[in-house]
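> One structure follows; several queries about it will come next.
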Ligand code: C5P
């Protein structure tokens, strides 16, 4: 008879044992399938109704025990991103420590594939990953809902990155509820621009342009998700920040046009941009669109990704 890998007691102890070794957490990027921007609130944020969608383009954080808090990184944004107290990962670790009474001690290493300042919530994703990693490392035993509460204090879209999947976001984006789409997979192509855009700057441009909204309530989008027909979904994608992003970067219109010429069913700016997202019929179609866009050399990088995928998870 083969021995079980873990006796029952060891099985019971596994989370604690795992927490003493390195903890690896993978976290996805997000796109907004629908982004309705409402009025400015007294706290300066805009009231949002958005449909978040987590896609299979990932960052990874490894957390180890340490006597202080340190952060190192490799990949996208290395040398550009501050690794100091203003980094969202560091802020997330300190917020979790304050919430749980734990010392904010960990050695963190971030492997970044999600482009920075791209409208893909890469920084928010890393903060979500840091919360999940340190929760496991320290054995705080917080629920995902508890983590989402801490996440909301750090940034509007961080609770979604803890949850993942497809979800409705309201409030300033921090109130998330899952949208069940019956396990269907959608295929996307991303065109990443040369230079990033700052989210506050895009919201300011939105206000200066008169705060005009084109995206109504996301009812049609919800129905399209349930119908699982990419042609139908294509007609429902909407982003109120698109005009502002195009105002700041008119050349993005050529990228959007190029994606449609390459055969995409629809194209839109992701979140506050500048990444352009294209919907494909299936994986093969996505690969064809990506190859076409790459040949046109109209952007810094082209990626394909599927969605929805889970949020920040321990590997
Ligand atoms: O919440 P987060 O820190 O990610 O937001 C970044 C910036 O984006 C805010 O400082 C604000 O300028 C803008 N924002 C907004 N309304 C929202 C979310 C973000 O105006 N609902």
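Even glycines carry a Cβ here, placed using N, Cα and C.
What you see is a predicted model, and the numbers here were worked out from it, not measured in a lab.
Annotations per TrEMBL:
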| type | residues | note |
| --- | --- | --- |
| ACT_SITE | 30 | active site |
| DOMAIN | 87-165 | domain 'GHMP kinase N-terminal' |
| BINDING | 115, 116, 117, 118, 119, 120, 121, 122, 123, 124, 125 | ATP binding site |
| ACT_SITE | 157 | active site |
| DOMAIN | 222-295 | domain 'GHMP kinase C-terminal' |
> Name them in sequence order: residues not among 115, 116, 117, 118, 119, 120, 121, 122, 123, 124, 125 whose Cβ is within 8 Å of the mean position of the Cβ atoms defining the ATP site.
29, 114
> By CA-CA distance, flag whichever of 115, 117, 121, 125 among the binding-site residues is nearest to residue 30 (active site).
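Closest candidate to residue 30 (active site), judged by Cα separation, is 121.
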> Tell me, if you would, which residue among 119, 123 (binding-site residues) has the fewest other CB atoms within 10 Å in the structure shown?
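Looking at the binding-site residues 119, 123, the Cβ with the fewest others within 10 Å is that of 123.
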> If you average pLDDT over the domain 'GHMP kinase N-terminal' (87-165), what do you get?
96
> Want to know which binding-site residues, from 115, 119, 121, 125, are within 10 Å of residue 157 (active site) at Cα; which are they?
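Among 115, 119, 121, 125, the ones whose Cα sits within 10 Å of that of residue 157 (active site) are 121, 125.
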> Taking DSSP three-state, what's residue 125 (ATP binding site) in: helix, strand or coil?
helix
> Within 10 Å of each Cβ, count the other Cβ atoms, then let me know which of the recorded positions 125, 157 comes out lowest.
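Across 125, 157, these recorded positions, the one with fewest Cβ atoms within 10 Å is 157.
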> In the domain 'GHMP kinase C-terminal' (222-295), how many residues does DSSP assign to helix, to strand and to coil?
41 helix, 11 strand, 22 coil
> With a 10 Å radius around each C-beta, find which of these binding-site residues (117, 121) has the fewest other C-beta atoms nearby.
117
